[in-house]
Amino acid sequence: MAAAPLKVCIVGSGNWGSAVAKIIGNNVKKLQKFASTVKMWVFEETVNGRKLTDIINNDHENVKYLPGHKLPENVVAMSNLSEAVQDADLLVFVIPHQFIHRICDEITGRVPKKALGITLIKGIDEGPEGLKLISDIIREKMGIDISVLMGANIANEVAAEKFCETTIGSKVMENGLLFKELLQTPNFRITVVDDADTVELCGALKNIVAVGAGFCDGLRCGDNTKAAVIRLGLMEMIAFARIFCKGQVSTATFLESCGVADLITTCYGGRNRRVAEAFARTGKTIEELEKEMLNGQKLQGPQTSAEVYRILKQKGLLDKFPLFTAVYQICYESRPVQEMLSCLQSHPEHT
């Protein structure tokens, strides 16, 4: 007898979550291995007097976070998290990283023990020993195997079906390949690697570098300076991974889409760069700019810089990571944006 089709639940429905829902919804219709209905948990909001779940389920569009892109009709929005994840075989986590503890606590015990997860969340957390990856939190709280997906994937371009690549990191290769089957399309090409922790760290740390790139744009520094920010940022990403990753760190992983490609696209096209440029030019706070420019969605770069700063400070390593440190101090300690340039001029890479 054929195995029952695998039920998929997407935990999150922001800009990226909705773009991924479009891919998964279309793919499961063609693949017998997966159940044809995809549940998507939506943090309920009212938009123009209507519930967001009602808009998605009736108009098949997330008008708040992914306007202009129709979602497949087999994607069902649900506001009750416990009901959405009930009996799910495959969980796709795509929420702001600061909510992961609360979400895991709410759904632990409601998901089958054999369920598998994949996190698309770009961020890190702090534990008593320092760095804690989002995948570690999900694994520890829920007791399920978890893969990660990171890459040069600006959500609106993915939703518009423009060609891009991405990387899945999985400690159990078979599980990574299953998620590849669920997610790959002719225009969304996936490579699976086993260096999962490095893949995940790339996704978090590149947002800090993108904030630095945005500061340079705000200061009108030019392309050469921005290229230096990208290169020095990449060097700090590699150094950070070598210090804090528990397993082997392969330099080749930084050449995958999750590494240098994601870093480039985020430093030229992402919202971390855009908001950082506005921060440098207007003098407004990050919080004010989030409200104005992002519909209130949280920016990952500044928050990740704060977590990285505390982890580095605890280990006495701030002087080894001047770019990461400068981004934090400019965002949160009222240091002048011009300090971005000083940190480049005196970077230990040049001594």
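Note: Cβ is positioned from N, Cα and C throughout, glycine not excepted.
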Could you look at Lys122, Lys132, Lys141 and say which one Swiss-Prot places alongside Arg271, Asn272 in the substrate site? Lys122
Among Ala155, Ala159, which residue shares the NAD(+) site with Gly12, Ser13, Gly14, Asn15, Trp16, Gly17, Arg271, Lys298, Gln300 according to Swiss-Prot? Ala155
Return the count of C-beta atoms lying within 10 angstroms of the C-beta of Gly14 (NAD(+) binding site), excluding that atom itself. 21
Going by C-beta under 8 A and a gap of 6 or more residues, the same-chain neighbours of Arg271 (substrate binding site) are Met293, Leu294, Leu299
May I ask you to report the DSSP-based helix, strand or coil state of Trp16 (NAD(+) binding site)? helix
Which same-chain residues, if any, lie at least 6 apart from Lys298 (NAD(+) binding site) yet have Cβ under 8 Å of it: Pro96, Gln98, Glu290
For the recorded substrate site, enumerate neighbouring residues of the same chain (Cβ within 8 Å of the Cβ centroid of Lys122, Arg271, Asn272, site residues themselves excluded), in sequence order. Asn207, Ala210, Thr266, Gly270, Arg273, Leu299, Gln300, Gly301
